[in-house]
Amino acid sequence: MKLTVNLGKDSYPIYIENNLLKHANSLIGEIFSGRRIMIISDDNVYPLYGQMLTEQLSADYDLSHLVLPHGEGTKSFQTLPVIYGALLKARISRSDLIIALGGGVIGDLAGFAASSFLRGVKFVQIPTSLLAQVDSSVGGKVAVDLPEGKNLVGAFYQPKLVLIDPLVLDTLNPRFINDGMGEVIKYGCIKDSELFCTLEAHSSFTELKEELPSIIHRCVDIKRVVVEHDQFDTGERMLLNFGHTLGHTIEQYYHYERESHGEAVAIGMYQITRLSEDLGITAGKTSLRIRKLLEAYGLPYECGLPIQELLHAIAVDKKNLNNRLNVILLHNIGSSYIHPTTSAFFSRESNYII
Ligand SMILES: NC(=O)c1ccc[n+]([C@@H]2O[C@H](COP(=O)([O-])OP(=O)(O)OC[C@H]3O[C@@H](n4cnc5c(N)ncnc54)[C@H](O)[C@@H]3O)[C@@H](O)[C@H]2O)c1
Ligand SMILES: O=C(O)C(=O)C[C@@H](O)[C@H](O)[C@H](O)COP(=O)(O)O
Ligand SMILES: [Zn+2]
């Protein structure tokens, strides 16, 4: 399956196919005619898939690689000099290429390094986690975290190519399968009630496996359309942030060490919907449907934190504009909108526990 993200001169193809990694070479050759390639990966993924890639590419290119420790802690400002140093050592120039081989951490981090090194080096996304395949490898948001908040330093920088091989998910830890399902459920909530119903009908990842390539395709296609309409996140793209206002603050509160991104977003989606349902904004029973689906796919829906604890981190959310906190709410499943509000939305009951 092939999709194209149409963004004028920044357009790029996305391929989704089992065993794609085995012939990545030819697809990379279609978009890159330079000499040097640096593969950036982590210490879980590179031992599994690095060789498959290097065996194909080493005949045609000067290859180097950088393997970083896995985990969200690596997606930090402190890792950037390590990457820039490796790029300099490998003599990567603007005519060369960076390949991000890994989950969302590697994609966001290597993508940001690619956007900033020499003011921009081409990069390719080879996402290996479910979350990265359905969400982070597409759309060009690249970033690192700061202690004060998620993704606070970043750029919009589109890849030249995205290669999605669903078979690599066979080696992914079940926790991170569930994690990726958090973003899949998000797409159902914001844009696709049919997808949501399909997920309800299967009610576990094992049952869903046969349909996985088409589910990945559906999610990527939803994101493609949104990004084509609003690449720079000034309107419709904010809908992709459903559950993230609370989700990002939960991640930050626990120093990016407790809830994974998908888990935190899962809690965020349920809790914001519970709040908006209480306010009569969202149709009754919507939060219950979300909660049941999160439970079925092994995701949390609460974390026991008083919402007061999160207010300062909510204040640095990137959707906040002109002193308005823009939160993403649902009318009902499949229908989302941007709700401009203030911190009173979150603090009207001071002891609200999420
Ligand atoms: N840019 C975006 O649009 C966007 C969208 C969603 C999430 N994100 C970001 O993505 C990050 C989370 O991504 P993630 O969930 O992929 O985390 P991750 O990159 O940490 O990957 C999860 C874990 O799985 C391992 N792994 C990855 N692929 C594997 C495979 N095939 N086999 C075995 N192990 C494998 C990794 O080493 C890691 O331990 C967060 O930082 C989040 O903010 C960005
Ligand atoms: O691509 C987008 O736009 C998204 O919001 C997708 C989110 O799933 C993702 O977590 C993104 O990194 C959040 O971006 P941020 O702008 O809230 O940092
Ligand atoms: Zn996300």
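Just so you know, the numbers here start at 1 and follow the chain as drawn.
Even glycines carry a Cβ here, placed using N, Cα and C.
Long-range Cβ contacts of Asp108 (NAD(+) binding site) within its own chain (separation 6+, distance under 8 Å): Lys75, Ser136, Lys141, Val142, Ala143, Val144, Asn151, Gly154. Taken from TrEMBL, the feature NAD(+) binding site applies to Gly104, Val105, Ile106, Gly107, Asp108, Thr128, Ser129, Lys141, Lys150.
Summarising the annotation, TrEMBL assigns Zn(2+) binding site to Glu183, His244, His261. Within its own chain, His244 (Zn(2+) binding site) has Val265, Gly268, Asp317, Ile328 as residues 6 or more apart in sequence whose C-beta sits under 8 angstroms from its own.
The domain '3-dehydroquinate synthase N-terminal' annotation in TrEMBL covers 66-176.
The annotation domain '3-dehydroquinate synthase C-terminal' is assigned in TrEMBL to 180-320. Taking the domain '3-dehydroquinate synthase C-terminal' (180-320) as a whole, pLDDT averages 95 in the prediction.
Taking the Cβ of Ile106 (NAD(+) binding site) as centre and 10 Å as the limit, one finds 33 other Cβ atoms among all the protein chains shown. In this structure the alpha carbons, written CA, of Glu183 (Zn(2+) binding site) and Ser129 (NAD(+) binding site) are 12 Å apart. The two recorded residues His261 (Zn(2+) binding site) and Gly104 (NAD(+) binding site) have their Cα atoms spaced 9 Å from each other. Selection of the binding-site residues Gly104, Ile106, Asp108, Ser129 by a Cβ distance under 6 Å from ligand 2 yields an empty set. Using the Cβ center of Glu183, His244, His261 for Zn(2+), the list of other same-chain residues with Cβ within 8 Å runs, in sequence order, Leu131, Asp135, Gly182, Lys186, Gly243, Gly247, Gly262, Ala264, Val265.
Max Cα-Cα distance over the annotated NAD(+) binders (Gly104, Val105, Ile106, Gly107, Asp108, Thr128, Ser129, Lys141, Lys150) is 21 Å.
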